[in-house]
Amino acid sequence: MSTVFNTNPVDVLNEPMFFGSGLGLARYDIQRHRVFEELIERQISFFWRPEEVNLMMDAAQFNKLPQYQQNIFTNNLKYQSLLDSIQGRAPSAVLMSLISDPSLDTWVATWTFSETIHSRSYTHIMRNLYTDPSKVFDEIVLDEAIMKRAESIGRYYDDVLVKTREWENAKDMVEYYKDQGLILADKDVEQRAKRDLMKSLYLCLHVINALEAIRFYVSFACTFNFHKNMEIMEGNAKIMKFIARDEQLHLKGTQYIIRQLQSGTDGDEWVKIAQECEQEAVDIFMEVNRQEKDWAVHLFKDGDVPGLNTNSMWSFIDYLTVSRMKQCGLPCPITDAPVKHPYPWIREYLNSDNVQSAPQEVELSSYLVAQIDNDVDDKVMMSFKKYF
């Protein structure tokens, strides 16, 4: 992992996801983790551009909304802009130097690129809704309610960067002492630095997972509600549907990584780290739960919108938290979460397979590209001979 291209032969089927031999040839014919290849193919098939969605009607409808409802939409847009500003660079900048599985390496690059499309989407929306979109962007870093969430995410990414430097420094020091024929007093310095980094990485993965699993969904609910229950702003709902579809892939990826580490696929040390960090991982999720509830209060401080209110949004957040924590192997202290989905109608926006539309009536958001199976064997060819 100290070189951009490992020239030594590597058995990719036996490489761990992190801290392995270092990446060499980018190859996609074999994978230790088929899930990552499936996510890559799916994400590529989802490729879209926000400019493809016309927002002229949305702009006219937005301008007719009461000011407090405009504020709800704008604040959510600001918050999502911040989240995807982080996710548009942090996974690549922080995780990729530690990755040793080729398919995971490509998945993180693909995932991060898709987040930049999300960021561009917010610019597309703002250009269409506001006379001065730059003013809206400039206000984001001045919003305390938004920025405290950035700090709670960024500090875990930053800690991985710090721990990575400390591990690299420890390796260099051990190598220097060895080359000089000197005896290093602290013989465990490198291993200790690596384990500290592993713990930091494990917790950072939970922060990423919580971000993808919960943080976007208050904003999603509000945006989809404008279309579903208020019957306005269809274009924005379609863009957010594209984004939500991508985020579910990203969530599946982080959940898979976490569960593999917890199960010991990459070694028993990860199992021990998962056990040691379980309470801190639970605390991470519960902090996200509290912050999103605070965000709901902030959004609806001047009034509710048809179909949504603070109480139902809190129930939605609890419902998501219990489900998402279970999916990543964590116990959840919430005991009074609703059993039934508080917003069952949102599923039609989160699952693109649920909605069927006539192509001549609406712009399809469920159209996939690059979905042809090119694997044709001799048996398939023989079956076609009867037609010739």
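Cβ from N, Cα, C; glycine included.
The shown structure was predicted, so the numbers you read here are calculated from the model rather than taken from an experiment.
Per Swiss-Prot, these features apply:
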BINDING   Asp84, Glu115, His118  Fe cation 1 binding site
BINDING   Glu115, Glu212, Glu247, His250  Fe cation 2 binding site
ACT_SITE  Tyr122  active site
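Distance between Cα atoms for His250 (Fe cation 2 binding site) and Asp84 (Fe cation 1 binding site): 12 Å, as a whole number. The least crowded of the binding-site residues His118, His250, judged by other CB atoms within 10 A of its own CB, is His118. For the recorded positions Tyr122, Glu212, Glu247, a Cα to Cα distance of within 10 angstroms from Glu115 (Fe cation 1 binding site) holds for Glu247.
Counting every protein chain shown, the number of other Cβ atoms lying within 10 Å of the Cβ of Glu115 (Fe cation 1 binding site) is 23. Within the same chain, the residues at least 6 positions away from Tyr122 (active site) whose Cβ sits under 8 Å from its Cβ are Leu77, Gln80, Ser81, Asp84, listed in sequence order.
Annotation for Glu212 (Fe cation 2 binding site): same-chain Cβ neighbours under 8 Å, separated by at least 6 residues, are Glu247, His250, Leu251, Thr254. Residues Glu115, Glu212, Glu247, His250 make up the record's Fe cation 2 site, and a Cβ search at 8 Å around their centroid adds Gln87, Trp111, Ser114, His118, Leu211, Phe216, Asp246, Gln248, Leu249, Leu251 from the same chain. Taking the centroid of the Cβ atoms of Asp84, Glu115, His118 as the Fe cation 1 site, the other same-chain residues with Cβ within 8 Å of it are Gln80, Leu83, Ser85, Gln87, Gly88, Ser114, Thr116, Ile117, Ser119, Ser121, Ile243, Asp246. When the binding-site residues Asp84, Glu247 are scored by other C-beta atoms within 10 Å, Glu247 scores highest. Under the three-state DSSP scheme, Tyr122 (active site) falls in the helix class.
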